[in-house]
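Quick look at what TrEMBL annotates:
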- 12-32: transmembrane segment (TRANSMEM)
- 44-65: transmembrane segment (TRANSMEM)
- 77-99: transmembrane segment (TRANSMEM)
- 111-132: transmembrane segment (TRANSMEM)
Amino acid sequence: MFLERLQAPPAAVAGALFGLALMLLVDGIITAQSEANVTHHTSFILLMPAIFSLVGFLAMILVSPVEVKNDVLRAKAVLFIGWILCFGSAVGALVLCKLKFTGLQERRRSVPGVALVGFTSLMPLTGSILWWGRQSSLDDY
């Protein structure tokens with residue numbers, strides 16, 4: 001009933017998901033910086049999956065659906081590479097979360113690991129919704 005009347009444009013849904021993912025990542029970074037032990041603060045290794053996920057997201061949204069529809073090999077390759085970057089970063093975030101945030105720890109919180117996994121999981125979903133929205137808007141014409 002209510003969902004039938006709720007017709008948000010894909011860009012709005014993708015923007016809300018991107019904002020949620022970004023808030024998760026910033027919250028994880030702030031939480032990691034508040035740890036007492038300096039070795040448990042945010043490092044480049046901890047942020048690498050987020051960076052790769054962001055690069056994959058940008059690669060996905062920069063590909064035109066018209067080029068993919070017209071069988072342009074370069075567009076399909078860039079879209080595939082974006083997906084692989086997003087998927088690989090999500091797997092990398094899960095591995096980092098398992099290695100750094102499980103077992104007996106000196107850390108007080110595991111929020112940075114969970115936030116990293118949440119960010120890398122939401123980024124491909126956001127990119128897919130944006131790309132699908134562009135594709136469906138082209139089909140209407």
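Cβ atoms are placed via backbone N, Cα and C, with glycine included.
Against the transmembrane segment (12-32), stretch 111-132 has more CB pairs under 8 A than any other of 44-65, 77-99, 111-132. For the transmembrane segment (44-65), the list of distant contacts is 25, 29, 32, 75, 78-79, 81-90, 92-93, 96, 100, 112, 116, 119-120, 123-124, 126-128, 130-131, 134-135, 138: same-chain residues at least six beyond its ends, Cβ to Cβ under 8 Å.
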